[in-house]
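Q: According to Swiss-Prot, the compositional bias 'Low complexity' annotation covers 23-46, 701-723. Residues or ranges marked as disulfide bond in Swiss-Prot: Cys506-Cys536, Cys521-Cys555. Marked as domain 'Kazal-like' by Swiss-Prot: 500-557. Under the heading N-linked glycosylation site, Swiss-Prot lists Asn215, Asn566. The phosphoserine annotation in Swiss-Prot covers Ser39, Ser42, Ser45. Annotated region 'Disordered' per Swiss-Prot: 23-57, 700-723, in sequence order. What Swiss-Prot records for 1-102, 164-169, 259-277, 338-380, 447-450, 606-614 (among others) is topological domain 'Cytoplasmic', and it gives sequence analysis as the kind of evidence. Sequence annotations record features per position, and here Swiss-Prot assigns topological domain 'Extracellular' to 124-142, 195-227, 299-312, 403-422, 474-582, 641-673. Sequence annotations record features per position, and here Swiss-Prot assigns transmembrane segment to 103-123, 143-163, 170-194, 228-258, 278-298, 313-337, 381-402, 423-446, 451-473, 583-605, 615-640, 674-691.
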Amino acid sequence: MPQHAMGDKHFLSLPKHLFTSTSSTTDSGCDTPPSSRASPASLRSAHGALGSSSQPLFEPQVEKRSSQAACEVQYLSSGPQSTLCGWQSFTPKCLQVFNTPKGFLFFLCAASFLQGMTVNGFINTVITSIERRFDLHSYQSGLIASSYDIAACLCLTFVSYFGGNGHKPRWLGWGALVLGIGSLVFALPHFTAGRYEVEIDDEGLGTETGTCLTNQSQVECKDRASGLSSYRLIFMLGQLLHGVGATPLYTLGVTYLDENVKSSYSPIYIAIFYTAAILGPAAGYLIGGAMLNVYTEVGQRTELTTDSPLWVGAWWIGFLGAGIAAFLIAIPILGYPRQLPGSQRYVVMRAAETQQLKDHSRDNPAFGKTVRDLPLSVWILLRNPTFILLCLAGATEATLIAGMSTFGPKFFEAQFSLSASEAATLFGYLVVPAGGGGTLLGGFLVNKFKLRGSGIIRFCLFCTLTSLLAFFVFLMHCPNVHMAGVTTGYVGSLLPKGQLDLKAACNALYCCQPRHYSPLCGSDGTMYYSPCYAGCPEGAVTGPGGQKVYRGCSCILEKASSGWGNATAGKCASTCQSKPLLLVLVFVVIIFTFLSSIPALTATLRCVCDRQRSFALGIQWIVVRTLGSIPGPIAFGWVIDKACLLWQDQCGHQGSCFVYKNEAMSRYLLIAGLTFKVLGFLFFVAAYFLYKSPSVSSDGLEASLPSQSSASDSPTEQLQSNV
């Protein structure tokens with residue numbers, strides 16, 4: 001047991017000092033001056049007439065306990081006045097109602113919800129509109145998204161080390177303010193770039209017949225060049241501020257919760273916190289999607305429709321609202337004290353669950369408060385094999401989560417032949433209940449079964465193994481819908497194996513441009529690249545169901561009895577029979593992946609000493625982001641690109657992929673997923689065997705601690721009452 005937590009070694013040596021003289025009282029290691037201690041004479045005078053010859057035998061021990069308690073108060077609490085909720089000297093009684101772990105959890109959940117909604121919701125929803133509005137390439141928008149993680153990695157060491165030994169709510173409050181500034185900066189280009197103006201081509205498809213202009217593509221590509229792409233630097237700055245502001249949230253916020261609640265309740269509090277962070281992106285997708293249905297120039301009339309490839313929605317509204325909300329959330333967080341009332345009693349409980357360490361830093365209460373201790377703090381963590389292995393296991397899980405959350409909708413879009421919005425909606429229906437429910441359930445199970453240390457790691461092993469087995473779902477795939485010139489030949493022609501040819505005799509009369517990708521489904525069940533490549537000579541007419549219908553298409557074999565020769569705008573529906581089973585198993589993969597997230601985080605908090613928890617979480621986040629969150633989307637994107645059949649042509653440069661080979665996509669995702677899942681399983685196995693269980697059970701200590709009702713009393717009285 002660390003001496004600074006309870007001082008048990010001095011208490012156990014009580015019999016040795018029973019018959020010592022009053023002058024034998026010595027300094028217990030505190031910096032308290034002798035004049036501040038009660039003398040035996042003053043103690044005797046306090047007792048009055050009840051004093052006896054035997055009483056002085058105990059008075060020095062009482063004096064020593066008082067000095068020890070005073071020493072403990074210096075480390076455990078700065079005094080009752082520091083536990084009031086408010087701002088500076090303004091601490092009204094009405095605010096103390098919120099000065100509880102539940103009250104702080106509410107505002108912390110609001111901050112994590114807002115961060116998830118902004119960074120993981122709005123950004124992913126509007127990134128395509130930003131590319132179109134500011135003439136950005138995909139790699140440029142990818143750099144904008146990565147700027148968040150880059151900033152977080154750069155700040156994690158500083159914030160977790162100094163913030164962990166500082167006033168955590170103030171760090172969290174200022175972080176929320178920086179997050180709000182980042183949102184306002186991100187919306188700034190809308191107000192400085194001028195109005196969005198676009199020329200609309202009202203001519204029909206029939207104008208593409210006749211002579212093709214050889215320099216038409218070069219002229220259009222030249223006209224597209226502009227200085228709008230330089231605004232990517234403003235977007236990157238906004239994302240950098242997002243990363244800086246969110247850094248304290250998942251390090252200091254977690255440790256502050258863990259420090260101020262009972263150790264068995266900590267997983268539930270942390271699970272609720274992370275569940276709010278997962279529900280945030282879901283709200284971001286819904287709100288961001290709704291805002292994209294509003295034209296970016298609010299109040300200006302336009303002939304564009306939401307189906308037009310030139311349409312740009314009001315992507316900036318969500319960021320303005322997020323910036324204002326962040327400022328409002330920061331105000332109450334800044335008012336919380338360094339420690340919540342009654343938190344002193346949990347120090348001993350947390351120390352009892354910490355694995356046995358030989359770093360000797362726990363004997364020095366002043367350790368970790370200066371920059372000179374930073375190298376030693378890093379070295380202590382690097383010598384902790386359990387901590388390192390849990391970090392590596394978290395990195396493998398983060399790689400899968402980041403990769404699948406980015407390209408999961410694309411997988412559904414290709415496998416089930418869905419539109420981008422339909423695929424994103426379907427993926428959201430799976431992620432919200434599976435991710436949010438798994439996160440909350442993981443914390444509940446740890447508390448329900450009172451798992452500790454090695455038991456938590458065993459639970460992580462079970463979850464990882466289950467999700468690993470369920471990952472074999474990617475052995476299944478849906479067959480590709482037939483697409484003329486890509487997966488099958490046109491009517492009356494054969495498609496050479498391994499070659500693409502969109503041109504055929506049936507569309508030779510039309511000057512079709514490959515950049516005009518507008519898929520349509522023919523009445524023969526085959527999908528075509530565009531109305532032009534389907535040989536449709538006239539524009540679309542509105543059908544009975546409100547869909548655009550093209551008639552008399554020369555590439556579609558016409559039969560009067562069946563009505564062939566027509567086509568409907570959009571992709572052909574998939575006839576995949578394994579879709580229900582595939583969705584169920586993907587749900588299992590997601591829920592068991594998130595089920596181990598809170599237990600793994602709890603295990604990390606239990607394998608390091610108390611004063612290093614914030615710093616340990618910061619180091620872990622650096623490892624997770626550097627080895628997982630940042631390279632995850634890049635690795636999965638590279639793997640998925642290997643399955644591409646048809647690439648977009650952007651003025652001679654390769655753009656995004658239009659058509660994937662479903663079988664290859666499933667196979668590559670299976671290989672990548674199993675690789676990271678097996679690595680994560682092995683890391684958890686090694687962490688389980690290297691974890692050193694504490695020698696003292698926290699359950700026994702918990703029974704000896706003062707009740708919650710007395711936790712807000714004088715810390716000196718609490719420690720004296722335990723003797």
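Just so it is clear, glycine is given a Cβ too, placed from its N, Cα and C backbone atoms.
Note that the coordinates shown come from a computational prediction; the quantities given were computed from them, not determined experimentally.
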Q: May I ask which of the stretches 143-163, 228-258, 278-298, 674-691 has the most CB pairs under 8 A with the transmembrane segment (423-446)?
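A: Ranking 143-163, 228-258, 278-298, 674-691 by Cβ pairs under 8 Å to the transmembrane segment (423-446) puts 278-298 first.
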Q: Going by Cα-Cα distance, which of the recorded positions (Cys521, Cys555, Asn566) sits nearest to Cys506 (disulfide bond)?
A: Cys555
Q: Going by DSSP assignments with H, G and I as helix and E and B as strand, what are the residue counts for the topological domain 'Extracellular' (403-422)?
A: 16 helix, 0 strand, 4 coil
Q: Measuring Cα to Cα, how many Å separate Asn566 (N-linked glycosylation site) from Cys536 (disulfide bond)?
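A: Rounded to a whole number, the Cα-Cα distance is 8 Å.
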Q: Between 103-123, 143-163, 278-298, 583-605, 615-640, who has the most Cβ pairs under 8 Å to the transmembrane segment (381-402)?
A: 615-640
Q: Residue list, the transmembrane segment (170-194) vs rest of chain: Cβ under 8 Å, 6 or more residues beyond ends.
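A: Distant Cβ neighbours of the transmembrane segment (170-194) are 108, 111, 114-115, 118, 133-134, 159, 163, 228, 231, 234-235, 237-242, 244-249, 252-253, 256, 296, 315-316, 319-320, 322-327, 329-331, 333-334.
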Q: Counting only pairs 6 or more apart in sequence, are there at least 3 Cβ pairs under 8 Å between the transmembrane segment (228-258) and the transmembrane segment (615-640)?
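A: Counting Cβ pairs under 8 Å (6 or more apart in sequence), the transmembrane segment (228-258) reaches the transmembrane segment (615-640), since there are 3 or more.
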Q: Would you identify the secondary structure of Cys521 (disulfide bond) according to DSSP, in three states?
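A: Strand, per DSSP.
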Q: So which of 143-163, 278-298, 313-337, 451-473, 615-640 is most in touch with the transmembrane segment (674-691), counting Cβ pairs under 8 Å?
A: 451-473
